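TrEMBL lists 12-426 with the feature domain 'Major facilitator superfamily (MFS) profile'. The feature transmembrane segment is assigned by TrEMBL to 12-32, 44-61, 81-103, 109-135, 147-167, 173-194, 231-249, 269-289, 301-321, 327-353, 365-387, 399-422.
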Amino acid sequence: MGPLSTSSGFGWFSIVRLGLVQAAIGAVVMLATSLLNRVMVVEYGMAAAVPAGLVALHYAVQLARPVWGHGSDRGRARTPWIIGGVAVLGLGAMLAVLALPLAPLPANALLLAGFILIGAGVGAAGTSLLALLAAGVAPQRRAAAAAVTWIMMVMGIVISAGTAGALLEPFSWAQLAKVSGGIALGALVLTLLATFRLERGAAFAAPEPGHEASLGEALRTVFAEPAARRFTVFVFLSMLAYSMQDLILEPFAGIVFRMSPAQSTSLSAVQHSGVLLGMIVAGIGGSAFAGRAAGELRGWIAAGCIGSALALAGLAVGAGAGPGWPLAANIGALGFANGVFAVSAIGAMMSLAGEGKRADTGLRMGIWGAAQGIAFGLGGLMGAVGVDLARHATSDGRAFQTIFTFEALLFMAAAVMAARLAGQGARVNLREAEA
């Protein structure tokens, strides 16, 4: 293990500490995008469009990520943004849980408030954490650091999903509130411990003098770079494909395969275990741990997209086959392919964020986070609303079959774009790393 931080950037121990914060964020987000989604649709009989709309709202709030990133760049510390964001995130999740048994009017008001807070918390904490990671890690270590922290985030999701699934059998609202509160409080405590004195004495915490550009000027500077523009478009398309299954997988398991909340939540743990394995394989095999340039990861990005398309095609077949289909294996394969795609794309993002002046790292991460937020909100809404509309027109199985097929086609389009664009403009970063 390296030291807490060095003159050349964070050591490995500090990187792992930031990974613990990612794990904490992922654990709480799992409540809103996975567990609460399932409970609203199956246990409380809401249309799938309701949680989809709420999740879309929390992504819409994250359109302010560039503002938070720019403000973080101009400040002297990012840790307060991270801690405050995780606290707001947990508060939003608990408001959403408390809303479920109430009458429609107060329930809707609390759900809206809760998901607005969830979006603000994720945006503030996530953008500042990524900026701290990119600015504080030496260039040759950035891809490796990204892989490590995202693997830890997935581990947090897997652990929290598995634990929640075990504790929610049999299901009751009171038990849901206890489990959710425990996860939210645990995430905040973990964040406080992981970030304690992390930035103290770090020279990179403050922006370089002479770079006090306004938000508009800084945005124009970033978008003047062709690589940044192309990568922003790729992030949007690929994350649109990635996000469409998020809000319909657990309802799919409950409606078509008749699984209980505990069973479908445990199935989510299988999916994220596959994501974890895919990240490890891509991180090593794709040279992410060697600190290579974004261009060298384009084949792995494309492979992850193609694998995701094939796994979604399998789910489309399973939607017609019903309970006899090996659903757990299929979802595990989808998670693996998603993991290969995700860690390769993150490695490329960290490399591109390293090009250009260090003082705008938060802004760059905010721009790509906003592109991801738009895609995730739109993708989740498209998937859920698409299922609702299709279920009115045809059988449940055929409805899910239609959406999974469309997602597979989107992933194939993203694979084509990755092969063409993911590596362009990134060779400068490789030369910098080798200099």
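Yeah, the Cβs are placed from backbone N, Cα and C, and that goes for glycine too.
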Checking distant contacts: for the transmembrane segment (147-167), what same-chain residues at least six beyond its ends satisfy Cβ-Cβ under 8 A? 15-16, 18-20, 22-27, 29-31, 34-35, 133, 175, 178-179, 183, 261-263, 265-266, 268-269, 272-273, 275-276, 279-280, 282-283, 288-289, 339, 342-343, 346-347
Does the transmembrane segment (399-422) come near the transmembrane segment (269-289), with 3+ Cβ pairs under 8 Å (pairs 6 or more apart)? no
Beyond a gap of at least 6 residues from its ends, the CB atoms lying under 8 Å from the transmembrane segment (269-289) belong to 143-144, 146-148, 150-151, 154-155, 157-158, 161-162, 165, 249, 296-297, 299-300, 304, 328, 331-344, 347
